[in-house]
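Participant: Below is a structure I'd like to ask you about.
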Amino acid sequence: MLILHGSGNSRLLGLHGVGLAIRLDAVSAVMFLLVSFIGWVVVRYAATYLDGEARQGAFTGWLCMTLASVLLLVLSGNLVQLVLAWVATSLFLHRLLLFYPDRLAAQRAAAKKFVAARLGDAALISAAVLLALAYGTADIAQILSSARAGNGGGLAITAAGFLAAAAS
């Protein structure tokens with residue numbers, strides 16, 4: 001269907017441009033399949049590795065929530081959904097890092113990752129706000145269309161800098 005009709009967006013389930021919307025294009029479709037496959041492999045491996053572990057169910061739950069957040073991120077149709085999925089992914093990963101709370105190295109790694117992730121969150125939120133202001137919408141399809149037309153100006157360039165900071 002994607003090959004025949006090109007990229008597409010679902011209707012927004014929400015109000016005032018904020019809510020759940022799915023955007024499907026070639027990149028998001030490939031990423032969705034890739035994350036799904038790798039997630040399936042990891043879930044299968046974790047089930048074998050943690051067999052007999054008292055908290056195996058909790059780990060599997062956090063892992064599935066992480067995967068669901070990443071999939072929601074990959075298919076995000078608006079900036080609010082993208083930011084919320086990004087933050088949720090980070091928080092669920094944090095829970096996975098703390099699965100063995102008695103391991104000091106895991107606690108240190110989780111603490112460092114938590115600080116770095118909050119800095120990334122701040123950069124992404126700043127970029128999302130600037131993009132919404134520059135283009136007058138939080139809809140990613142409309143933002144991409146306006147950007148291709150050369151609209152957005154200085155706010156869009158500043159947003160690109162914040163996006164680069166969030167990605168690093």
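Backbone N, Cα and C define each Cβ position, glycine as well.
Feature list, courtesy of TrEMBL:
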| type | residues | note |
| --- | --- | --- |
| DOMAIN | 18-59 | domain 'NADH-Ubiquinone oxidoreductase (complex I) chain 5 N-terminal' |
| TRANSMEM | 20-47 | transmembrane segment |
| TRANSMEM | 59-77 | transmembrane segment |
| DOMAIN | 76-166 | domain 'NADH:quinone oxidoreductase/Mrp antiporter transmembrane' |
| TRANSMEM | 83-101 | transmembrane segment |
| TRANSMEM | 122-143 | transmembrane segment |
| TRANSMEM | 149-167 | transmembrane segment |
Participant: May I ask for the residues of the chain that lie six or more residues beyond the transmembrane segment (59-77) and have a Cβ under 8 Å from a Cβ within it?
Facilitator: 9-10, 12, 20-24, 28, 31-32, 35-36, 39, 42-43, 46-47, 50, 53, 85-86, 88-89, 92-93, 95-96, 99, 139-141
Participant: Six or more residues out from either end of the transmembrane segment (149-167), which same-chain residues have a Cβ under 8 Å from its Cβ atoms?
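Facilitator: Residues packing against the transmembrane segment (149-167) from afar: 119-121, 123-124, 126-128, 130-131, 133-135.
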Participant: Under DSSP, the domain 'NADH:quinone oxidoreductase/Mrp antiporter transmembrane' (76-166) has how many residues in helix, strand and coil?
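Facilitator: DSSP classes over the domain 'NADH:quinone oxidoreductase/Mrp antiporter transmembrane' (76-166) add up to 74 helix, 3 strand, 14 coil.
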Participant: Given a Cβ distance threshold of under 8 angstroms, which distant residues of the chain, six or more beyond its ends, lie next to the transmembrane segment (83-101)?
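Facilitator: 55, 58-59, 62-63, 65-66, 69-70, 72-73, 76, 107, 109-110, 113-114, 117, 120-121, 124-125, 128.
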Participant: Restricting to the same chain and to residues at least six past its boundaries, which positions have a Cβ under 8 Å from a Cβ of the transmembrane segment (122-143)?
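Facilitator: Distant contacts of the transmembrane segment (122-143): 7, 9, 12, 17-18, 21, 23, 76-80, 82-83, 86, 151-153, 155-156, 158-163, 165-166.
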Participant: With DSSP as the yardstick, break the domain 'NADH-Ubiquinone oxidoreductase (complex I) chain 5 N-terminal' (18-59) down into helix, strand and coil residue counts.
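Facilitator: Computed counts for the domain 'NADH-Ubiquinone oxidoreductase (complex I) chain 5 N-terminal' (18-59) are 28 helix, 6 strand, 8 coil.
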